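Input: a single structure, listed below in structure tokens.
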Amino acid sequence: MSTVQTVLGTITPNLLGRTLTHEHVALDFEHFYRPPPPDFESELKAKISMSTLGYVRLYPYSSKENVRFYDGEALEAAKKDVLLYKKHGGGSIVENSSYGLKRNLEFIVELAKSTGVHFIAGTGHYIHAMQDASHGSLTVEQMSDLYSKDIITGLQVNGKVVKCGFIGEVASVYPIHDFEKNAIKAAGEIQEVLGCGVSMHPHRVTKAPFEIMRLYLEAGGRADKCVMSHLDRTIFDIDELLEFAKLGCYIQYDLFGTECSFYQLNTSVDMISDGQRIDNLIKLIKEGLVDKLLMSHDIHTKHRLTSYGGHGYHHIHTNILPRMFDRGVTLEQVEQITVTNPANWLAFDP
């Protein structure tokens, strides 16, 4: 029987409830730090407060405090928001921190125990530039062995075995680095063997998701068990997105809550708003793709947590779903996207 492998053990898919499929509760994002504009250097070097928050929202990757999403203050704030998520009807969170992001399994397990939210942890590799010496030269075979071990055997966390429940996020730049190609191929190989879900992180160019899927499918991975993340900042043209959808993977809009004057990690494009995300999802629903859609926030900086003036993990449930209902999306369609699709993606027979 297919089950979902959480950090506290296996559960039946129907117990997941509403699920956020791409989140982080602790990670190191300092690699993406950008020097602040000279005019705002002092504000962005200062501690995040009401007087500096406006600058941080405009330049989130120019505040070193903001990208240190792993210190004690960040963990305390994340726990508070997971509890709020639970209070507002959240059931499960898929934690996408992989090798290179300094995944904190100990904290994820503690959150699962203390909040009652199901957590599914990922294995896999982030971009090559963020790997240490012990991982940066791994072969496809070595990666495959590692991913299989993390899922089947598990890892020791405070004397207990904790097993990962999917492969992800597997991240790449563009053109895709050879190391990252190996990680994508390894994910495809192990997916074929185990049947588990996979989550991909494409670079911020339209060609990237297509190239990732080609490598993954050629390695043997199933399209219907693969999620392509961050498509709300990658493929902006609906016709092109529909063409990509023909490959059969899940289409994930996972930057809900990110609304900004410009996208600091790719200033050549404009980040779409939550309203535009909703409109695009409705277009995809009308094209018959409701069974291929997923939603999340990809929280990875402090300023998106409520303790720092942000929206928290409950934003989709409390703010986005009501707007979707107002625009004609049915409860059945919302349940498909937030409950059924995540369960179908995560369930496998280890």
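Even glycines carry a Cβ here, placed using N, Cα and C.
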| note | Given that Swiss-Prot records His22, His24, Glu169 as binding divalent metal cation 1, the matching residue among Asp298, Asp326, Asp349 is Asp298
| remark: divalent metal cation 2 site partner of Glu169, His230 according to Swiss-Prot, chosen from His128, His135, His201, is His201
| remark: His201 (divalent metal cation 2 binding site) to Glu169 (divalent metal cation 1 binding site), Cα to Cα, whole Å, comes out at 6
| query | So what sits near His230 (divalent metal cation 2 binding site) in its own chain, CB-to-CB under 8 Å and at least six residues off in sequence? | reply | His201, Pro202, Arg204, Gln252, Asp254, Leu255, Asp298
| request: Compute the centroid of the Cβ atoms of Glu169, His201, His230, then list the same-chain residues not in that set whose Cβ lies within 8 Å of it, in sequence order, for the divalent metal cation 2 site. | output: His22, Asn96, Gly168, Val170, Ala171, Ser199, Met200, Pro202, Ser229, Asp254, Asp298
